[in-house]
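Undergrad: Sharing a structure with you now.
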């Protein structure tokens, strides 16, 4: 009798194990109310397996999105570097929509990418790019000196306006300004293209008149390309020291202010007395630095022509930017800084078309704008790192992608310019970035405005605190 019961129990246990995966919830028995220990264990193992499978699928999807984000960032950096703009307006939608990062992380990652791409461009322009007229560097350090203090001040003013202005007004102003700038930049590009075509025709006629002399042909191509003798470039260490001093002063002020939540080195209360004193102190800093730079520039211009020749300047090759009033660049920098802080994008996308409209040659505009963006973007990058940014390792990978892509894009464009003899390619690249930025950021703003409208959020002006 005992052997029969043992056999029956083993048979039932085996049948239970075999039928557990096929049981449904409606087929309840006495074991349903009091589940067997083995049945519960198998159910837990099945649930754990399904959960692990879902996690693997999510991880594979995340890795797939990250790879796509790297590819798109590489393309965006290549295109942006050609025109001398930072590309932050292109990085934000890629990081937010494709990589799946939140807006705050996307902004901090973008600062790393813009800084890395700008550094790559600056190094390439100094080490590999042929000099401009008279053997001078394509980077105009005087424009950088005159622009940097007022641009950093303008960014702070724009950030305060960004807090006060409603989202719909910011989106409308951005769309109107950037659409107008895009149209003017495209018009300047087509005008430059026509002038280059005329220069090519005149060069061809000159070559035929001289019997196809290659030396004469090169002489005609050099003004078209804006090139000069290779070598003889010098780094103006005095100007770099002043720029670094400006950067350090404004950086210390920004670190003391902290982020929007008041988190900083000394944790100053937002909109308190100390907060406004530090904020307003940027005004005398900008005025003092700009006044010193204007005085130094005026002093250099008053030097005798022979002394300028000793300093390595080719007076005959001075561009028309020397004839512009000295206050033009600080005013333009302050304007673009305010817009950059208001719209939440880098200044390169805004100051580039302004310099083109002033009349600065495209290659000098691209190189100079990149140098300016390097200082402003690096300030944001270091500030994010000091204030406890998360994901610095992942941001560094994106920065490395931007560094390589920027150098490669700039090299390709330089080759295209040398081969075609048309610097208007740079203007058209700037126009392309501006069109893409107008579409992406305007769409982002429109989505936020619609979300505020549907949720009944306040859409009027707000106090700064």
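The backbone N, Cα and C atoms fix where each Cβ goes, glycine too.
Okay, these came from TrEMBL:
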SIGNAL    1-26  signal peptide
TRANSMEM  67-99  transmembrane segment
TRANSMEM  151-178  transmembrane segment
TRANSMEM  240-257  transmembrane segment
TRANSMEM  273-295  transmembrane segment
TRANSMEM  327-351  transmembrane segment
TRANSMEM  363-386  transmembrane segment
TRANSMEM  395-413  transmembrane segment
TRANSMEM  425-450  transmembrane segment
Undergrad: Quick one: find which recorded stretch in 151-178, 240-257, 327-351, 395-413 has the most Cβ pairs under 8 Å with the transmembrane segment (67-99).
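TA: Top-ranked stretch among 151-178, 240-257, 327-351, 395-413: 395-413.
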Undergrad: Can the transmembrane segment (363-386) be said to touch the transmembrane segment (327-351) if we require at least 3 CB pairs below 8 Å and skip pairs under 6 apart in sequence?
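TA: Yes, the stretches contact each other.
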Undergrad: Which bits of the chain, at least 6 residues beyond where the transmembrane segment (327-351) starts or stops, bring a Cβ under 8 A of a Cβ in it?
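TA: Answer is 84-89, 107, 114, 118, 143, 146-162, 165, 170, 173-174, 177-178, 181, 290, 294, 358, 369-370, 372-373, 376-377, 433-434, 437, 441.
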Undergrad: Hey, which bits of the same chain come close to the transmembrane segment (273-295), Cβ under 8 Å, at least six residues off its ends?
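TA: Non-local partners: 145-146, 148-150, 152-153, 156, 160, 242, 246, 249-250, 253, 256-257, 326-327, 330.
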Undergrad: Excluding the flanking five residues on each side, which residues at least 6 beyond the ends of the transmembrane segment (395-413) place their CB within less than 8 Å of a CB in that stretch?
TA: 69-70, 73-82, 87, 91, 95, 108-109, 112-121, 123-125, 128, 389, 425-426, 429
